[in-house]
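Since the structure comes first, as structure tokens, the remarks are kept for the end.
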Amino acid sequence: MDAFGDYVWPRATSELILLPVTGLECVGDRLLAGEGPDLLVYNLDFGGHLRMVKRVQNLLGHYLIHGFRVQPEPKGDLDSEAMIAVFGSKGLRVVKISWGQSHLRELWRSGLWNMSDWIWDARWLEGNVALALGHNSVVLYDPVIGCMLQDVPCTDRCTLSSACLIGDTWKELTIVAGAVSNELLVWYPATALPDNKPVAPDRRVSGHVGVIFSMSYLESKGLLATASEDRSVRIWKVGDLRVPGGRVQNIGHCFGHSARVWQVKLLENYLISAGEDCVCLVWSHEGEILQAFRGHQGRGIRAIAAHERQTWVITGGDDSGIRLWHLVGRGYPGLGVSSLSFKSPSRPGALKAVTLAGSWRVLAVTDVGGLYLYDLEVKCWEQLLEDNRFQSYCLLEAAPGPEGFGLCALANGEGLVKVVPINTPTAAVDQNLFQGKVHSLSWALRGYEELLLLASGPGGVVACLEISAAPTGKAIFVKERCRYLLPPSKQRWHTCSAFLPPGDFLVCGDRRGSVLLFPARPCLFKKPGVGPKAITAAEAPQAGSSSGGSESVVTGLGPVSSLHSLHGKQGVTSVTCHGGYVYSTGRDGSYYQLFVHGGRLQPVLRQKACRGMNWIAGLRMAPDGSMVVLGFHANEFVVWSPRSHEKLHIVNCGGGHRSWAFSDTEAAMAFAYLKDGDVMLYRALGGCIRPNVILREGLHGREITCVKRVGTVTLGPEFEVPNLEHPDSLEPGSEGPGLIDIVITGSEDTTVCVLALPTTTGAAHALTAVCNHISSVRALAVWGVGTPGGPQDSHPGLTAQVVSAGGRAEMHCFSLMITPDASTPSRLACHIMHLSSHRLDEYWDRQRNRHRMIKVDPETRYMSLAICELDSDRPGLGPGPLVAAACSDGAVRLFLLQDSGRILHLLAETFHHKRCVLKVHSFTHEAPNQRRRLILCSAATDGSIAFWDLTTAMDRGSTTLEPPAHPGLPYQMGTPCLTVQAHSCGVNSLHTLPTPEGHHLVASGSEDGSLHVFTLAVKMPELEEADGEAELVPQLCVLDEYSVPCAHAAHVTGIKILSPKLMVSASIDQRLTFWRLGNGEPTFMNSTVYHVPDVADMDCWPVNPEFGHRCALAGQGLEVYNWYD
């Protein structure tokens, strides 16, 4: 200690873990969940709030929790306290817990018992615990004195893949073992002789053609269920297994999963199974699928539990999410699909179109011009009118609103539009709008104040009709307000429309895929030079004219703003205005969030629906503020929730190339469509939303490849962040609101997630996810961190620009704004705006002489990013930083960000390394009376680190950047200033830190587990030479150089120099290690074992002097550590 003086060694403690949920168990109205070695306790009291009561950290040491077994109470009362055996991997610990309504207290804890074999199952036997071990043996353990009482092996010492213990005493204990030979072995440990000789199996049961992963026994009915690698679930009639020699009969072979089945559980009336396909299926005991729960992401559902009294199923997934689902009986009241039996001799003609007026009235029109109404309360068809002018071609649309405002509109091929009051069809009003075919109809509603009907005619002319009702309510008035003109295209008609609040603009989508903004009232744009251009019939000869009009009247107003072909050539399917944003959907499988600023449409974010849903038909906003997506997945109509990643409703309708309609209210939702010449109706009570509860949001479905801290948000006392634990159990000084760190993560699942990590609650809140990438996200970079309103008018919150990059040589730039919002669980609202994107193959496709160039490898991956902040007065480049990218094709590429990230341009590249570049990092060198130098370092798979002077390269007229061989190609960066051979193999981590002496510490970690630390000196001439002289290139040299060959046992994937005397490193060996610097070779200080496997990235940052540092480790999960300096 004397050698270290008064320096205090940092001790890292785990603050937060987000890992796959591997164990679940219901105890009364509480849920026990195992996440890594931690125990999570949730309160499932449905009369109050569903919330976490307690997190017991590090209960199983370095083992993962796989199961819980609660000791039965003679009185059956587990509401006050319980004795729980927690097991997983090779560890067992017994803990006694006292719990109340909103608190939990640990009364007693046994020592951690380390077994020599894997524990597959545990069972309480009269105060002792029996364990089924991995090589077909059973041990009896006394948890109080901590000793083994019995150890009985089976004669067949095969490796097990699962086991189930049955019985309440040692004498009747039965083990059903799932062997790797795909057999079930039933044997009885108590039949062993006094010398504990191996016991022979009583029965061998075969049937599965794959390894058996899970089994469940229902004693009351004598049933055994097994889940297997062969993607099936089998139900066996076994009777009382505690009696030897019984007969085993296979009574059910259930196929419903598309991948391996991990878990199975038998209930009194149901069978629950969950697997690698992220689906939880509810079966009857006869093998019929009753329900299917989909919502988890990633590689499967790892744990299931059931609360039979409340009829809930609880699932824990690989995405670290926990969800509750209603079982049938308390479940989702779907009424299914029914035929409305339209075909009748009294109703001639064939059906042409169908629509819904609210959720309980169906409208249909036939090819003889008959309009019919079906009332779901009366349950019969009624003819409203018949008009032979609509017999060959007819469009039908009902007005929006809860019950359609009692209006519908018909249009034919001769320019005629008929507006029909449903309750008084004799009061219908005809409008002859065009001298040709009406291509489309749509309604636009502004509250209960304004109702418009838009009709598209020949030549791209859209007639806007204003609909109003007479004071008596028995008549309607139809008045043409104005006409719009769509941009030229082959299929020139609009497809949808909506009012933009407060009602000055109309947003329309057209068949070409464009989103257009029109004035709702032309009188608003009467000032010269303002608004849309008025186009006359002479300027648009194909537009046609209104009946009784002349050729000199205004035919159409052009859009004030447009986003051309936003959704591709398949067209826009819907536009919706909500919360100050415009949402558009299309048949390109995406939906856009748009913003109108200064009368201009601006794209904010592009999102994708679930995989395979290429036809998105619309969006609906739920009462709880969430959004659901309507669309077609092959021949199915699907209602999908982006929040829960769940298909809420699935209707096998045959696809979207037919007449269909959807209506949604809080009371019910309805979907009507034509099939086999009849009207089919799917109806479900309760609206779109399915009654499930997300106890904890999932993070990523695949491995997390990168993590980056953005900044910190400070909330005032009015934004109280909810604590996970009861206030009595919190440490002093941790009450109330505090600092919230904003962290972004990228994953193999192609998403970028924004997380809020409060410093006082030990929680993680997923704010939003960005799904723009088409392949995995490998690297993240942050720049321009500030506050909303800027430095002049600062507001609480955080703003930043983020660059993400990964597979398929794809890069995206988006802006991030975090603001306080008391209505959300995290007390924060996150706003994302997509700014720009870049792909190397698209860049190649845009080149005119691309036939002379070699096309970039489409499998190129961006491995790492670094922001290079140039001086703001750089001539010729304009404002904006450079982004350096390490590429798998051996290149280091420089991209220029301009216009606050809205322009992303490839500027220069170099293939100096000639092999995969793994890391890039940038730093600045500042010295008195000298220019600020920007230096980039890059590291490759050969262990070399190259240093580049970007300041000289970016100077106007500099010859450091060599001109390209062909116009349009990027510049070449030339040769580096210095190359250091730091390692013998790939460099996976790299960091630098300036020293007080004016030098730079450079640290790197390699694939061979070694560390390399050296001091880099940057030497420059004392005086800058004038323009026109020879360029000044800095001289870089290494002063001190040290290596630690065996610092870690595996790849070093994260390294950070915290100070000139302290460094921290992380590795795949799951060690977070601190090193002392400054006295020669780095000296080991201490190491902490973390629980995230395959760590791919690490980021560390100081919080404040009172809280110290925080460190985020990302891999197959996320773990946050903190330590005090």
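Just so you know, glycine gets a Cβ as well, placed from its N, Cα and C.
Among the features that Swiss-Prot reports, N-acetylmethionine is placed at M1, with the record citing similarity to another entry. The repeat 'WD 1' annotation in Swiss-Prot covers 89-130. Residues or ranges marked as repeat 'WD 2' by Swiss-Prot: 155-197. What Swiss-Prot records for 207-246 is repeat 'WD 3'. Residues annotated as repeat 'WD 5' in Swiss-Prot: 295-335. For 346-384, the entry in Swiss-Prot reads repeat 'WD 6'. For 433-475, the entry in Swiss-Prot reads repeat 'WD 7'. The feature repeat 'WD 9' is assigned by Swiss-Prot to 567-605. Under the heading repeat 'WD 10', Swiss-Prot lists 611-650. Taken from Swiss-Prot, the feature repeat 'WD 11' covers 652-692. Marked as repeat 'WD 13' by Swiss-Prot: 767-798. Under the heading repeat 'WD 14', Swiss-Prot lists 860-905. What Swiss-Prot records for 1047-1085 is repeat 'WD 17'.
The repeat 'WD 6' (346-384) makes contact with the repeat 'WD 11' (652-692), as judged by at least three Cβ pairs under 8 Å among residues 6 or more apart in sequence.
Model confidence over the repeat 'WD 14' (860-905) stands at 84, taken as the mean pLDDT rounded to a whole number. Here the repeat 'WD 10' (611-650) sits apart from the repeat 'WD 13' (767-798); fewer than 3 CB pairs are under 8 Å, leaving out pairs fewer than 6 apart in sequence. Under DSSP, residues within the repeat 'WD 5' (295-335) fall into helix, strand and coil as 0 helix, 20 strand, 21 coil. Distant neighbours of the repeat 'WD 5' (295-335): 18-26, 29, 31, 33-35, 42, 44, 46, 50, 259-260, 262-263, 265, 267-268, 270, 272, 274-280, 282, 641, 644-646, 649, 682-686, 690-702, 749, 1117; these residues of the same chain sit at least 6 beyond its ends, with a Cβ under 8 Å from one of its Cβ atoms.
Broken down with DSSP, the repeat 'WD 2' (155-197) shows 3 helix, 18 strand, 22 coil. Listed as Cβ neighbours of the repeat 'WD 17' (1047-1085) (distance under 8 Å, sequence separation of 6 or more from its ends, same chain) are residues 4, 7, 9-10, 12, 988-993, 995-996, 1001, 1003-1007, 1009-1011, 1013, 1091-1100, 1109, 1111, 1113, 1115, 1121, 1125. Across the repeat 'WD 17' (1047-1085), DSSP helix (H, G, I), strand (E, B) and coil residues number 0 helix, 23 strand, 16 coil.
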